[in-house]
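The FAD binding site annotation in TrEMBL covers VAL128, VAL241, GLY498. What TrEMBL lists as substrate binding site is TYR468. Per TrEMBL, disulfide bond is recorded for CYS422-CYS461. TrEMBL lists 126-149, 294-308 with the feature domain 'Glucose-methanol-choline oxidoreductase N-terminal'. Marked as signal peptide by TrEMBL: 1-29.
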Amino acid sequence: MEAIKFQNTVHHDRILIVFIFLFVDLSLCSPSQTQGELPYMTSDVKEVAGNSFDYIVVGGGTAGCPLAATLSEKFSVLLIERGGSPYGNPWVMEKRYYGFSLIQTDEFSSVAQDFKSGDGVRNCRGRVLGGSSAINGGFYSRASEDFIDQVGWDKELVKDAYTWVESKIVSIPELTPWQTVVEFGLLEAGILPYNGYSLEHIEGTKIGGSIFDVWGIRHTSADLLKAANPKNIVVVLNATVKNIIFEGNGNATETTVKGIRFIKSDGTTDQTYEAYLNQPKNCTSNGDVILSAGALGSPQILLSSGIGHREHFKKFNIPHVLNLKGVGKKMKDNPSIAVFVDTNPQNRLPDPPQVSGIAKDLKFIIEGGIIPTGFNATRMPIAAKIAFPVSEGELKLSSTDPRQNPSVKFNYLADENDLDDCANMVHLLERVAKSESIAFYLGVKPQNNLMTSTDGQRKFCKANVRTYYHYHGGCPVGSVVDNDYKVYGVKGLRVVDGSTFLESPGTNPMATLLMLGRYQGVKILREREHV
């Protein structure tokens with residue numbers, strides 16, 4: 001009787017929320033896109049070759065775009081992106097094609113680049129202006145207060161940076177029928193309290209923000225470039241950075257960055273081009289090359305430039321520059337388990353997650369969606385991930401071609417604690433997937449045959465572990481970069497992206513990476529004011 005009363009209460013609350021939403025001006029639920037124009041973009045590498053800039057940001061992804069836009073307020077910036085533009089591509093920009101970019105990939109030019117880890121798990125990385133914010137589910141949720149405390153960020157500046165991002169590209173979603181059913185399934189499984197719409201990372205079931213607006217248009221991090229000073233920024237597309245150039249000043253005690261060396265993404269590795277940092281006279285503080293190429297790209301560039309463990313470079317004939325042993329270490333990916341609630345592929349409209357269940361002291365994250373498995377077929381997974389995994393792996397070079405993926409192994413569930421957590425998570429995941437709400441929606445009978453054997457759950461985890469696409473590490477704070485994201489032992493080099501994280505923040509890292517780009521950009525501007 002109590003369960004029926006509880007469900008009815010939640011049902012009435014949801015009706016009230018929808019009722020209120022219908023009477024709200026839709027313009028209030030969608031970010032303002034009227035301010036500013038996109039800066040100058042070119043795929044002609046010769047236009048920037050040989051030129052100098054105050055800052056060079058490598059990677060126009062989730063963190064790189066807000067960082068470059070912010071720095072351009074007062075300094076000249078080159079933003080270099082290995083992929084093309086997301087604009088005009090319906091597979092990127094339109095919600096109805098969510099997931100299509102992940103099912104058709106090629107080696108050098110697709111907006112998503114496949115890679116398979118040494119664990120045998122298929123994964124992908126963004127290769128387009130906007131980075132992974134151009135290919136993901138668009139779910140926007142901030143980091144927890146504990147995460148912000150642990151990394152030691154300025155709370156007021158964090159809040160301002162989040163707000164800056166949200167005012168430009170984040171919307172309140174209008175739940176689809178399937179997302180409403182998932183929401184009820186999470187509540188029915190006991191993932192409480194019900195938090196309604198919230199951007200905070202808190203225990204229970206909630207509706208998150210979305211970078212898809214109410215018209216189904218995606219607003220990637222590239223949209224944040226509209227806030228840039230167009231006179232101070234150049235965006236070069238389809239250009240892949242090969243390595244960092246260092247000053248040949250003969251000073252063995254200090255390694256100084258001079259610029260970058262890059263190739264055309266559809267060219268050859270033999271034809272290279274260079275861009276440089278400005279060297280202003282009578283100035284004690286010059287600009288930086290800032291790597292924002294992601295958890296695979298940034299450590300790959302450092303290694304390709306001779307920064308890393310000395311033994312790593314012998315087989316590739318790369319001159320060793322700095323023995324920084326942490327490069328490529330502490331690679332982590334959140335272990336995930338997914339179950340399909342439909343029995344056969346259907347031809348439904350793709351449906352990215354809008355609702356999240358956060359349980360077990362923020363350790364379990366559960367969401368549901370509808371994903372394409374082909375151009376005329378979809379499946380309906382309910383997926384869960386383990387936050388704070390103990391197991392970690394390593395990234396190494398596999399080639400001197402910067403367009404090739406590095407070699408990476410995450411060692412999913414290698415630690416017994418992760419395996420135990422996964423077994424517990426499977427039990428909760430099954431309760432959601434086999435809930436009466438989902439069964440009713442699909443027109444099937446509810447199933448009560450939950451997997452009860454811990455040994456069975458552990459075996460199921462080992463056999464079915466997959467990615468949640470939230471991999472991180474490779475340039476962690478404390479071993480590769482300091483608290484200002486400056487690379488140890490190198491002048492003029494920083495890393496600002498998910499490779500610096502020791503754990504993936506929030507339900508997913510996108511919101512915090514967007515914030516981090518803005519946050520670090522503002523910090524750098526403030527630092528230069530006091531020089």
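The backbone N, Cα and C atoms fix where each Cβ goes, glycine too.
VAL128 (FAD binding site) has TYR468 as its nearest neighbour among the recorded positions CYS422, CYS461, TYR468, going by CA to CA distance. Reported as a whole number, the C-alpha separation between TYR468 (substrate binding site) and CYS461 (disulfide bond) equals 14 Å.
Residues 41, 59-65, 81-86, 89, 92, 95, 98, 101-102, 109-113, 155, 158, 162, 166, 170, 199-202, 206, 208-212, 218, 220-223, 235, 237, 294, 352-354, 356, 362, 367, 369, 469, 503, 505-508, 510-512, 514-515 of the same chain lie 6 or more positions beyond the ends of the domain 'Glucose-methanol-choline oxidoreductase N-terminal' (126-149) yet place their CB under 8 Å from a CB of it. Across the structure, CYS461 (disulfide bond) and GLY498 (FAD binding site) are spaced 26 Å apart at their Cα atoms.
Among the listed recorded positions, namely VAL128, CYS461, the Cβ with the most fellow Cβ atoms inside 10 Å is that of VAL128.
Other Cβ atoms within 10 Å of the Cβ of VAL241 (FAD binding site) number 25 in total over all chains. Within its own chain, GLY498 (FAD binding site) has THR62, ALA63, GLY294, ALA295, TYR471, HIS472, SER504, PRO509, LEU513 as residues 6 or more apart in sequence whose C-beta sits under 8 angstroms from its own.
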